[in-house]
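Some notes on the structure that comes next.
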Amino acid sequence: MLEKTKKVFRIKNLTIRQMLAEALGMFILMVFGLASVAQVVLGRGNAGQYLSINIAFGIGVTLGIYAAGAISGAHLNAAITVTQCVLGNISTKTLVAYIIGQFLGSFSAAATIFALYYDAIYDYTNGSLTVTGPTATAMIFATYPASNMSLQGAFFTEFTATAMLILGILVIHDEKNNGAVKGAQPMLTGILVVGIGLGMGLNTGYAINPSRDLPPRIFTAIAGWGMDVFSADHCWWWIPVAAPVLGSLFGVLLYKLLIEFHIQPRQETEPEKEQADTETS
């Protein structure tokens, strides 16, 4: 029976399989992350603190990569997907499929957390879903800047944080340099995200990912928060979309200029090492 079911539902098209893998990986990431934010906000600080949000997003990233990594490479981030397309590592068709998968997974996760904490949200807000104010809850699903932040400062924060994200990912995965053991890469990437949250989360909530921020924002607009989710904070919404893409491209360029372009192939370095040893003798 199980084999028959497998034959019926098995998808042979690689692009669709990759899209579904990105959707599941993103869903796992966002359920852990958004649930932690909801628990901190709705629990009024009695059911977690900022650190628990950082850890939950790190766990979500780790498990999401383990889930999707063997099929799609687990981008789980539209900024990374765009960067890979610009570098020529994936086609435009694959780019579209990955982003669709990521957005579906993220949107579904937002809907899941809304259903999970529906009663708590309405108790906390007395039935009034707002973006700002003492009982604001829109920040459970999407990021919003601190009250003291300018748009320029917020943009630079997201740009820098995403550049550090892609630099960390390249360091972890670059087998030509000093890459980590393959099985440990998802865990180290999760720790990387925790580190970014601990050090660069104050200003903007470290979206560092259009797929993390935009789909849940669209969900909140539909679910009752209205178009304020796009107009709030001087139309802040576009910054977590544009800044991570540019930050990712800059981070890759920086790594290539400072590290990758200077790494010599092993077949070249070995004779040089032998020659150096001979000269030393």
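Cβ coordinates are placed from backbone N, Cα and C, and glycine is handled just like the others.
Automatic prediction, not curation, is the source of TrEMBL annotations.
According to TrEMBL, the feature transmembrane segment maps to 20-41 (among others).
The transmembrane segment annotation in TrEMBL covers 53-74 (among others).
What TrEMBL lists as transmembrane segment is 95-118 (among others).
Annotated transmembrane segment per TrEMBL: 153-172 (among others), in sequence order. Same-chain neighbours of the transmembrane segment (153-172): 79-80, 83, 145, 178-180, 185, 188-189, 192-193, 195-196, 200, 203-204, 206-209, 236, 239-240, 242-248, 250-252, 254-255, 259-260, counting only residues six or more beyond its ends whose CB sits under 8 Å from a CB of the stretch.
Among the features that TrEMBL reports, transmembrane segment is placed at 184-208 (among others). With a threshold of 8 Å between CB atoms, the same-chain residues lying at least 6 positions outside the transmembrane segment (184-208) that come near it are 50-51, 53-55, 57-63, 65-66, 69, 74, 77, 79, 139, 142-146, 149, 153-154, 157-158, 160-162, 164-165, 168-169, 172-173, 239-240, 244, 247.
With a cut-off of 8 Å between Cβ atoms, the residues of this chain six or more beyond the transmembrane segment (236-258) that come close are 77-80, 82-83, 86-87, 142-145, 151, 154-167, 170-171, 204, 207-210, 212-214, 217, 229-230. The annotation transmembrane segment is assigned in TrEMBL to 236-258 (among others).
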